[in-house]
């Protein structure tokens, strides 16, 4: 067994899903001492129909039994509530749209979980993420790379990981395609081989997002206006909407008027008719107004420049300015951009082509080829000057601290 695969104590985050199960199996086959940890990160809905935690633990325990490893149930719910969920609520309250999975990875799975694993004497941790870690021999730094399966790559969610975290982390299934992972699970008889992949935010489950958020943030109704200032209806609270949103606006039957259609034609919008769908374009917290526009290619939905804050760089220092690629949302195709400036805290990107519905609170993540450089939280993007300025001076009441 070579040095890379010399026997080590490795703690695997077993979620009950097939990816982490195959991760544990592959490491056990390599001769490592593997210990499974099931992370319980949410307990507010333990008795509800939306909580799958108990079922997931049963699945994880069954996997551990088949593979022949120990499994421990560890409760990180308090850490999750303090470090992830509280920030999630603050961001929504301020009119932004956060990505809690990114914060969960940085604060829970690769911090609290990593710390727990080290206390167990682990040399490494491993998870079922579709990403790769590579040590650059010339720089001595650990690089975060996209997973080999482009349809499953999760490096976007991992861009906040630092050198200390990456040096202790393995992503075995990042070297595989999902079809191979399913095949391995089926061949060795894993009980969750055909289990459906989890989707969405873990603590929300399958319930309607608005119903969940309304438990914590009070409704604050206000007007819905189009780009010419016409009132089209009433919203339930700005926190319950995100830029680019099309469904759930309650104005599906509203048609554009003649003057509005002419204005769209003058802007060069192609194919805009009175029955075109409406999209959320801006949330103005000063006036509690939800601004919507008609047509997917409306200029209010297009941005070529964005600024990001709270940046985190995998190498530990900001990359040099220059051409690279970026994603402003998960599953987006890499977009060519110029990194105009970058510090340890902020960066500015200029895109070769307009980006659709760039959303404050989401993350802009930078790449050079398959290498993820890091990124930051989108703070603002360039939009027409006629668009009202977003302010956070007036925010809805936070029901639960």
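First residue shown is number 1, and so on along the chain.
Just so you know, glycine gets a Cβ as well, placed from its N, Cα and C.
Per Swiss-Prot, the features are:
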ACT_SITE  104  active site, nucleophile
ACT_SITE  202  active site, cysteine persulfide intermediate
BINDING   13, 14, 15, 16, 17, 18, 19, 20, 39, 128  ATP binding site
DISULFID  104-202  disulfide bond
SITE      129  site 'Interaction with tRNA'
SITE      362  site 'Interaction with tRNA'
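Projection of Swiss-Prot feature records onto the structure.
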{"residue": "13", "record": "ATP binding site", "contacts (Cβ under 8 Å, 6+ apart)": "20, 37, 38, 39, 109, 113, 125, 126, 127, 128"}
{"residue": "15", "record": "ATP binding site", "contacts (Cβ under 8 Å, 6+ apart)": "38, 39, 56, 60, 128, 198"}
{"residue": "17", "record": "ATP binding site", "contacts (Cβ under 8 Å, 6+ apart)": "56, 59, 128, 192, 195, 197, 198"}
{"residue": "19", "record": "ATP binding site", "contacts (Cβ under 8 Å, 6+ apart)": "128, 129, 130, 173, 181"}
{"residue": "362", "record": "site 'Interaction with tRNA'", "contacts (Cβ under 8 Å, 6+ apart)": "97, 98, 99, 328, 329, 377, 378"}
Simplified to three states, DSSP reports residue 362 (site 'Interaction with tRNA') as strand
Across every protein chain in view, the count of C-beta atoms other than its own within 10 A of the C-beta of residue 104 (active site, nucleophile) is 25
Residue 129 (site 'Interaction with tRNA'), Cβ-centred 10 Å count of other Cβ atoms over all protein chains shown, is 26
One finds that other Cβ atoms within 10 Å of the Cβ of residue 39 (ATP binding site) number exactly 27
Record-listed ATP binders 13, 14, 15, 16, 17, 18, 19, 20, 39, 128 have a maximum CA to CA distance, in Å, of 15
DSSP output for residue 104 (active site, nucleophile) maps to helix
